[in-house]
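J.: I am attaching a structure below and will ask some questions about it afterwards.
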Amino acid sequence: MSHNAPLVLMILDGWGYNENDRYNAIAKANTPQWDEWWQTCPHILLKASGLPVGLPDEQMGNSEVGHMHIGAGRVIQQDFTRINEAINNGKFAKNAVFHEVIDQLKKTEKSLHIMGLLSPGGVHSHEQHLFALLALCNQKKFRSVHLHLFLDGRDTPPQSALDSLKCLNEELVKHPVATINSICGRYYAMDRDKRWERVEPVYNLLTQGKSEHQFPDAETAIHFYYKNKISDEFVPPTLIGKEHSIQDGDAVLFFNFRADRARQLTSTFLDPLFKGFERKTLPKLSYFVSMTQYDKNLITTIAFPPVPLNNTLGEVLSSHGLSQLRIAETEKYAHVTFFFNGGCESVFTNEERIMVPSPQVATYDLQPEMSAPELTKTLIAAINSRDYHVIICNYANADMVGHTGNFEATVQAIECLDQCMHQVWQALKNNGGKLLITADHGNAEEMFSEATNQAHTAHTSEPVPFLYVGGGWHFTHAEGSLIDIAPSLLALLGITPPPEMTGRILLEKNHAHV
């Protein structure tokens with residue numbers, strides 16, 4: 001399996017396009033390779049947010065949604081939209097899983113512990129989903145509910161938890177079924193990099209009520225943390241009011257709908273082979289409900305089970321006998337594999353995967369290059385091996401460093417990426433390969449919000465670039481959306497896209513002049 005001129009699809013995570021140079025780390029960075037391509041190579045802009053990627057109108061894009069749409073070549077109704085619709089049409093309040101759990105807890109006189117990200121961000125969760133759960137508990141006259149709230153500050157402004165708490169308290173006046181028993185920044189509760197030292201104090205708080213920090217109410221705690229320059233994301237695990245830890249027979253409901261940052265905390269309760277840290281206690285739960293499927297190996301009761309997708313890009317390449325490589329650093333590995341394959345765990349025939357470890361630093365502005373140099377070396381070796389027809393890679397820097405809100409560090413990250421792109425193209429050129437470059441959503445092109453007068457750490461709703469390097473082809477449309485990438489890539493390979501792919505082919509071969 002060799003002598004292939006490889007086609008590389010490079011996904012620059014969080015690299016959006018913004019005409020406005022102000023607060024734009026991409027525009028500020030010195031990017032000779034990118035600038036040369038932008039002036040000389042075919043390129044267009046793609047929509048990567050809202051309705052074109054199965055999200056509510058004007059909702060910013062995110063990595064999971066972006067990669068699913070790049071890989072699927074069709075609009076997929078996202079879990080966020082599915083759950084919103086279920087709330088609006090009354091199906092949420094009739095969900096059999098919720099009713100079964102509450103009925104069982106009423107019988108046994110045990111408690112329901114609802115945990116998740118209290119946020120209007122719509123990336124990992126939405127607070128309206130929590131509010132709908134409270135309304136359902138009230139409708140069923142079930143009042144033994146304890147809330148364990150994770151704070152955002154990453155997909156929302158860094159200090160915005162008080163706004164969400166105000167909305168929650170208004171709901172608790174209407175539906176007086178629950179008490180807030182703990183708060184914690186997502187940095188701890190929603191780690192996805194096996195940094196168990198972050199997750200352990202969250203687990204101890206949830207299962208033993210143990211915390212170095214205790215306050216009578218959530219607002220007092222947050223005011224204290226803000227005074228000490230600790231924003232929402234980094235609030236340490238904190239006990240609120242009277243201790244109500246998770247006991248035998250209780251049920252846990254995790255209302256995050258996005259899987260990647262829910263898996264680790266879920267595994268502390270459910271993984272029989274768990275080795276992250278020593279669990280002093282392991283409650284025997286009656287149920288662990290997850291809003292969606294977090295991992296096929298974590299046996300949760302799923303409120304909104306997955307809808308399977310057929311004929312994603314990976315499957316089509318495999319069925320045509322082509323070899324493919326997926327490569328990313330830890331932070332985005334799930335995105336180029338699980339999410340790119342439509343939320344499917346299985347690996348296709350002739351699909352290989354390489355994960356380059358992400359650096360172990362507290363926040364990525366401390367190492368803006370992340371593991372891009374190592375990733376580039378590995379990618380170049382794969383290109384030179386000529387073992388793969390298609391290589392799908394992700395560079396995490398623009399997104400992960402952009403999330404820190406540190407402008408200068410994000411500029412450094414972009415400059416590092418430009419050098420990496422240059423090196424990758426030299427290897428591709430030497431092997432007769434082609435390069436498609438795009439992004440899953442915006443981030444680094446807008447680093448400060450004048451509206452909130454805070455760093456803009458969240459994703460944006462800006463379009464993303466779609467650039468072709470390799471000659472012989474041109475774009476036929478002035479703009480597109482992420483679902484057009486897979487059909488266009490297949491066209492470059494001479495493969496007709498399957499009927500499931502409703503995205504358009506945006507590239508056409510140049511006609512030879514007679």
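From the backbone N, Cα and C atoms, a Cβ is placed for every residue, glycine too.
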J.: Determine which of Asp13, Asp21, Asp103, Asp484 appears in Swiss-Prot for the same Mn(2+) 2 site as Ser63, Asp440, His441.
T.: Asp13
J.: Can you match one of His459, His474, His477 to the Mn(2+) 1 site that Swiss-Prot gives for Asp399, His403?
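T.: Only hit among His459, His474, His477 in Swiss-Prot's Mn(2+) 1 site, alongside Asp399, His403: His459.
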J.: Where Swiss-Prot shows His124, Arg154, Asp155, Arg186, Arg192, Arg258, Ala259, Asp260, Arg261 binding substrate, which of Lys47, Lys91, Lys332 is named for the same site?
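T.: Among Lys47, Lys91, Lys332, only Lys332 appears alongside His124, Arg154, Asp155, Arg186, Arg192, Arg258, Ala259, Asp260, Arg261 as substrate-binding in Swiss-Prot.
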J.: Between Ala259 (substrate binding site) and Asp399 (Mn(2+) 1 binding site), what C-alpha distance do you get in Å?
T.: 18
J.: Given the binding-site residues Asp13, Asp440, His441, find the one whose Cα is closest in space to the Cα of Asp155 (substrate binding site).
T.: His441
J.: Rounded to a whole angstrom, what is the C-alpha distance between Asp440 (Mn(2+) 2 binding site) and Arg261 (substrate binding site)?
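T.: Between the Cα atoms of Asp440 (Mn(2+) 2 binding site) and Arg261 (substrate binding site), the distance comes to 18 Å.
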J.: Provide the number of Cβ atoms within 10 Å of the Cβ of His403 (Mn(2+) 1 binding site), excluding the reference atom itself.
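T.: Looking across every protein chain shown, the total is 23.
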J.: Taking the Cβ of Asp13 (Mn(2+) 2 binding site) as the centre, how many other Cβ atoms fall within a 10 Å radius?
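T.: Neighbour count, Cβ to Cβ under the 10 Å cut-off: 26.
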J.: Other than Asp13, Ser63, Asp440, His441, which residues of the chain come within 8 Å of the Mn(2+) 2 site, judged by Cβ distance to the Cβ centroid of those residues?
T.: Ile11, Gly14, Ala48, Gly61, Asn62, Gly66, His67, Lys332, His335, Asp399, Ala439, Asn443, His459
J.: Taking each of Arg192, Arg261, His403 in turn, which of these binding-site residues have a Cα lying within 10 angstroms of the Cα of His441 (Mn(2+) 2 binding site)?
T.: none
